[in-house]
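Comments concern the structure below.
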Amino acid sequence: MVENIGNGSAELVSYAKLNLYLDVLGKRSDEYHEIVGLFQTISLHDTLTVEICDGGFYLESNVALPSDNTIKRAWEMFRKNTGEEFGLKVTLKKKVPVGSGLGGGSSNAAAILRYLGEVFKIPLEDLLNIAAQVGSDVPFFLYGGTALVRGRGEIVEKLEDIEGYSVNLFFPGIHSSTKEMYLSLTPEMYRKGPGRVEELHRAYLERDYEKIRKLSYNVFEKVFLEKHPEVMYGLRNFGDGSIVKMMTGSGSAFFALYPLDEGNYPFVGGV
C-alpha cells in the first residue's frame, strides 16, 4: 500500500505473513529447498517512508539492520534489472520482529519494489523476476493476501483471499536463522505434512475448524522446539480457546488462530 505524503516522499505499509501450511519436499540441485506452503498476510506491519533522490542509498531504522539488508538489495536489484539510475532515502519504522518467521524483511523489500514499479512503470511480471533475485519470500509479498507458494518461494499462485480470521502472536525473543533451520532438516523429514494445501484453503473458506486443525502443518516446528525446549513454557498458556496454534516460517514466532473479532491481528487481503 502506497500513500503519498508530500515533499516527494511516500509512505509504504509492509505487512507480516503467516505460514498456515509449510512443508519441504526436498533439496534442489541449486542448494535451495523445494517448498509448498499456504501463505497469508496479517495486519501487523512495518512502515517505510521513501523518497527518490540523487546519489546513493540512505536508510534510517528504529532497529539495527545488517548492511546487506533486504531493502538495500531491492534497490540494487531494481537498478540492475531496469537500468534506472537513482538514489533512495528510506526511513523504516519496524514493528514486525526480526528473525520471527513473519517475513518482515521480505515484505519490506516487496514494498520497495512495488513503489519503484509504480514510479518507473515496471510491469508486475518484471517485478516478480526482480523479487525472486532479492529473496525467496519476496514474490509472495508483491501479491499479499492468500497464496499457494511453491518452488523455493518464487512460484506464487494467488488464491481467493481468506477472510473472517485473526491471530494472536507469541514471540519468544529468539532470532531464528532460516539458513540454520533448513540445514537442520534431514531427508526423512521431507514430505511429512498432509500435503492437501488446497483442501486446507477450502477448509478456511468454509469455516471447517476441525479440518483446519487436521491439515495445518509446519515442518520446522518440531525442529525449532527441539533446539529451544524452553519455549514450551511460554506456549503453555498461549492460544487458549484458539482454533489452531502453530509456528510460522522457520520460527521463532507462533500464532493462535481465532475468528475475526477475537484476535489482535486480522487477516489482510491482497492486491
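Residue positions begin at 1 at the first shown residue.
For all residues, glycine too, the Cβ spot is worked out from N, Cα and C.
What you are looking at is a predicted structure, and each value in this text was computed from that prediction instead of being measured.
Swiss-Prot lists Lys17, Asp137 with the feature active site, giving sequence analysis as the kind of evidence. The annotation ATP binding site is assigned in Swiss-Prot to Pro97, Val98, Gly99, Ser100, Gly101, Leu102, Gly103, Gly104, Gly105, Ser106, Ser107.
Features per Swiss-Prot, on structure.
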residue: Lys17; record: active site; Cβ contacts under 8 Å, 6 or more apart: Phe39, Gln40, Thr41, Ile42, Leu102, Gly103, Ser107, Asp137, Phe140, Phe141, Thr248, Gly249
residue: Pro97; record: ATP binding site; Cβ contacts under 8 Å, 6 or more apart: Gly104, Phe171, Ala253
residue: Gly99; record: ATP binding site; Cβ contacts under 8 Å, 6 or more apart: Ile174, His175, Ser176, Ser177, Ser252
residue: Gly101; record: ATP binding site; Cβ contacts under 8 Å, 6 or more apart: Asn19, Ser176, Phe220, Met247, Thr248, Gly249, Ser250, Gly251, Ser252, Ala253
residue: Gly105; record: ATP binding site; Cβ contacts under 8 Å, 6 or more apart: Asn69, Thr70, Val98, Gly135
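Every protein chain considered, the tally of other Cβ atoms within 10 Å of the Cβ of Asp137 (active site) stands at 28. According to its DSSP assignment, Gly105 (ATP binding site) is helical. What surrounds the ATP site, by Cβ distance within 8 Å of the Cβ centroid and not counting Pro97, Val98, Gly99, Ser100, Gly101, Leu102, Gly103, Gly104, Gly105, Ser106, Ser107, is the set Ala16, Val96, Gly249 from the same chain. The binding-site residues under consideration are Gly103, Ser107. Their Cβ neighbour counts within 10 Å are lowest for Gly103.
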